[in-house]
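What TrEMBL says about this one:
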BINDING   THR13, ARG18, GLY39, LEU40, VAL41, GLY67, PHE68, PRO69, ARG70, GLN74, ARG143, ARG154  AMP binding site
BINDING   ARG109, GLY182  ATP binding site
BINDING   CYS112, CYS115, CYS132, CYS135  Zn(2+) binding site
DOMAIN    109-145  domain 'Adenylate kinase active site lid'
REGION    12-41  region 'NMP'
Amino acid sequence: MLEDTFGLVQLSTGDLLRAAVAQGTEAGKQAKAVMEAGGLVSDEIVIAILRDRLAEPDCARGVILDGFPRTTVQAQALDALLAETDQQINAAISLEVDDAAMVERISGRYTCAACGEGYHDSFKRPAKEGVCDKCGGTEMKRRADDKAETVASRLEAYHAQTAPLIGYYEEKRALSRIDAMGAIDKIAADLGTIVEDATAR
Ligand SMILES: [Zn+2]
């Protein structure tokens, strides 16, 4: 919705890494070597990949960072990267959901393998069971780490490592909070308002 309405590009860390590896960029080659050795790609490599990607023309109107930064160290590195081109984070949006609701939401979600449209066992089922509303695809996929047991440990990691970013962006006056316990339409409308205000600044 935000991409369509505001002409922004959504960048997730996973997609960025895969694209850089596929393109064989310098940073992509480094990431590939680390991943093949079973290691975690360092913040330095992720930042280098992000630097390359942000320089591409489709990012000129701004980007939505999805899944990055996850730690204060990454947030500081991101600020330093953006400062190189006189840019900044216009809005850091905290979608606030109870942990119990989070487990239900994450463990129930799946996507169409063909077009990526998102669905949910309880909240957003396709009109015809097993058939994508958008493209008619019939293959649905679930992330391996979206199982309820795994979600609990992901939440622990979130509280320990990522939640401190709320204070980080609050101090920079970039933080907006959304009550994300409500209906999808209401959350989408609130998101739209925040991004509209942020891009107007
Ligand atoms: Zn589809």
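Just so it is clear, glycine is given a Cβ too, placed from its N, Cα and C backbone atoms.
Where the annotation comes from TrEMBL, it is an automatic prediction and has not been curated.
Known features from TrEMBL, placed on the structure.
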{"residue": "THR13", "record": "AMP binding site", "Cβ within 10 Å": "18"}
{"residue": "GLY39", "record": "AMP binding site", "Cβ within 10 Å": "10"}
{"residue": "PHE68", "record": "AMP binding site", "Cβ within 10 Å": "18"}
{"residue": "ARG70", "record": "AMP binding site", "Cβ within 10 Å": "15"}
{"residue": "ARG109", "record": "ATP binding site", "Cβ within 10 Å": "17"}
{"residue": "CYS112", "record": "Zn(2+) binding site", "Cβ within 10 Å": "21"}
{"residue": "CYS115", "record": "Zn(2+) binding site", "Cβ within 10 Å": "12"}
{"residue": "CYS135", "record": "Zn(2+) binding site", "Cβ within 10 Å": "12"}
{"residue": "ARG143", "record": "AMP binding site", "Cβ within 10 Å": "11"}
{"residue": "GLY182", "record": "ATP binding site", "Cβ within 10 Å": "11"}
How many other Cβ atoms sit within 10 Å of the Cβ of CYS132 (Zn(2+) binding site)?
21
Listing them in sequence order, which of the binding-site residues THR13, GLY39, VAL41, ARG143 have their Cα within 10 Å of that of ARG109 (ATP binding site)?
ARG143
Starting from the Cα of CYS135 (Zn(2+) binding site), work out which of the binding-site residues (GLY39, VAL41, PHE68, GLY182) are within 10 Å.
none
Rounded to a whole number, how many Å is the Cα of CYS132 (Zn(2+) binding site) away from the Cα of ARG143 (AMP binding site)?
17
How big is the Cα-to-Cα gap, in Å, between PHE68 (AMP binding site) and GLY182 (ATP binding site)?
24
Rounded to a whole number, how many Å is the Cα of ARG143 (AMP binding site) away from the Cα of CYS112 (Zn(2+) binding site)?
12
List those of the binding-site residues THR13, PHE68, CYS112, CYS115, GLY182 whose Cβ lies under 6 Å from any atom of ligand 1, in sequence order, or write none if there are none.
CYS112, CYS115
With every protein chain in view, how many other Cβ atoms are within 10 Å of the Cβ of VAL41 (AMP binding site)?
19
Largest inter-residue Cα distance among THR13, ARG18, GLY39, LEU40, VAL41, GLY67, PHE68, PRO69, ARG70, GLN74, ARG143, ARG154 [record-listed AMP binders, Å]:
24
